[in-house]
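Okay, structure first, notes after.
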Amino acid sequence: MSAYRRPVALIVLDGWGLNPDPRANAVAMARHPNFDRLMARYPHTTLTASGEAVGLLPGQMGDSNVGHLNLGAGRIVYQTLVRIWRSIQDGSFYTLPVWRPVLDRAKQPGKALHLMGLVSDGGVHSHIDHLLALIDLAKRENVERVYVHAFLDGRDVPPQSALPYLERVEAKLKETGIGAIATISGRYYAMDRDKRWDRTEKAFLAITQGIGHTAGSVAEAVERAYARGETDEFVQPTVIEGVDGRVREGDGVIFFNFRPDRARQLVRALHETAFDGFKRPEGYRPVELVTMTQYDQTFTDIPVAFGPQFVDVPMGQVVAEAGLRQLRIAETEKYAHVTYFFNGGEERVFPGEERVLVPSPKVATYDLKPEMSAYEVAREAVKWIEEDRTDFIVLNFANPDMVGHTGVLEAAIRAVEAVDECLGQVVDALLAKGGAAVIIADHGNCDQMVDYETGAPHTNHTLNPVPCILVDDQRLDAKLKPGVLANVAPTLLEIIGLPKPPQMDADSLLVSNAEGA
């Protein structure tokens, strides 16, 4: 062990919000004896994990990317959603130089501009207002042929809410007179991130070959999907008849999602010369492509509208520079969050940083296996703690969020109960070594599984506060202030005994003697 002599962990119960309403509340309905005993024994408070508190727009729900950025940064990190929104408001969006090549290409004879991305106001991966602004941009630039390839949400917004969003897009296209919606596809297909290439292939074939289900109109496409029992997320790729909006060689393409992870696979299929995810019917066909943000550091030849913002001196760097060992551990669904995002949005591994990736189960939807890989994550973490192999741990339990997204209440309850059991195992191992833990959530989700107004499944995140428990037998009498996610890193540094760097402008949640006086 290090000179600090005890392990300290940040344990993220992803999607475990605190909802005062018990209705369809998986957290309230589940049995969680370990969480309850920790709340009863140790200091605790609540954290705001949405809106301006995490660098989003007021009333905007948080997500895991945003949450882990703020957790590791020790300051509020203003998100890309806000940056784009501000640029639209001040007009600078419409004059970004990055648009020029793709617009010029689309204006060439026989060419078109394709706008593709998630069409909703969920604000997690995209925002419909950004698409509408791009249509306005195309009109200003006299682009005559614009085709929208709309990916349906149903996850960060209600499961059957696509039509009003699509109607807004169609109204804007009619107003400008420059295009049409060419295809629709549920995000399950168009935005897979787990290398399930058969899903990506279906979306790709609809977009580039016009292969898939067909419908005479957008409304008919959605209605037929609902009749097949599909909610928005799972709508099979559908081509709108009478709109030949296939992406052809030399066309211009703007992918307007701002969150990278679920956009990468389709971009690879469209852009890479040596692509092996599936067989493309016509092989590689180059297009003029722009993405809203940097989707991957390996996409060096794809222009981006809003470049990455890096966080100087995140917590992982402070821990590394102190000579301490750190472990990042999660299953596949949240691995990027405890590594890339917690490290400030950069692909970097600090000295002494070890990573353990536990594969997520290969199931169609996680309600089929609510425990996911939580037991394996816990088992591995306990092993590292018992063997004195690490000083600081960042651990994420994905279940409350990922199962919450399915909208299946019974499964979400089982997910919470599985995580509670695993939480107890990890905390007990830490305490046996004289260690400490800060237990939090990065946002809510399974704390509301039904839309209280409509009775439909509620599959998106919530705006509810999240718990924060300081498990430390050396600080049983400590008091914690209410705070935000940015306060967590300074709190952890205080517990470890490391000074907070000046770049972290958030305070520790621990009430000082002066404050308590």
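Glycine is treated like the rest: Cβ placed from N, Cα and C.
Here Swiss-Prot flags D14, S64, D442, H443 as Mn(2+) 2 binding site, drawing on sequence analysis. Every protein chain considered, the tally of other Cβ atoms within 10 Å of the Cβ of H443 (Mn(2+) 2 binding site) stands at 30.
Secondary structure at S64 (Mn(2+) 2 binding site), taken from DSSP and collapsed to helix, strand or coil, is helix. Summarising the environment of S64 (Mn(2+) 2 binding site), the number of other Cβ atoms within 10 Å of its Cβ, over all protein chains shown, is 27. Summarising the annotation, Swiss-Prot assigns active site, phosphoserine intermediate to S64.
The secondary structure of H125 (substrate binding site), as reduced to three states from DSSP, is coil rather than helix or strand. For H125 (substrate binding site), the number of other Cβ atoms no farther than 10 Å from its own Cβ, over all displayed protein chains, is 25. Annotation comment: Swiss-Prot describes H125, R155, D156, R187, R193, R259, P260, D261, R262, K334 as substrate binding site, evidence class sequence analysis.
Non-local neighbourhood of H461 (Mn(2+) 1 binding site): G15, S50, M61, G62, D63, V124, D156, D401, H443, G444, N445, each in the same chain, at least six residues away, with C-beta under 8 Å from its C-beta. Annotation source Swiss-Prot lists Mn(2+) 1 binding site at D401, H405, H461.
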Query: Including all protein chains displayed, how many Cβ atoms other than that of D14 (Mn(2+) 2 binding site) lie within 10 Å of its Cβ?
result: 28
Message: If I take the Cα of H125 (substrate binding site) as reference, which of the binding-site residues D14, S64, H405 has the closest Cα?
response: S64
- request: Rank the binding-site residues D156, D401, D442 by the number of other Cβ atoms within 10 Å of each Cβ and report the first-ranked residue.
  value: D442
- line: Same-chain residues at least 6 positions away from H405 (Mn(2+) 1 binding site) with a Cβ under 8 Å from its Cβ, in sequence order, are R155, Y366, N445, T459, N460
- request: Check the Cα-Cα distances from P260 (substrate binding site) to the binding-site residues D14, S64, D442 and tell me which is shortest.
  value: S64
Query: Any idea which of the binding-site residues R193, R262 has the thinnest Cβ neighbourhood at 10 Å?
result: R193
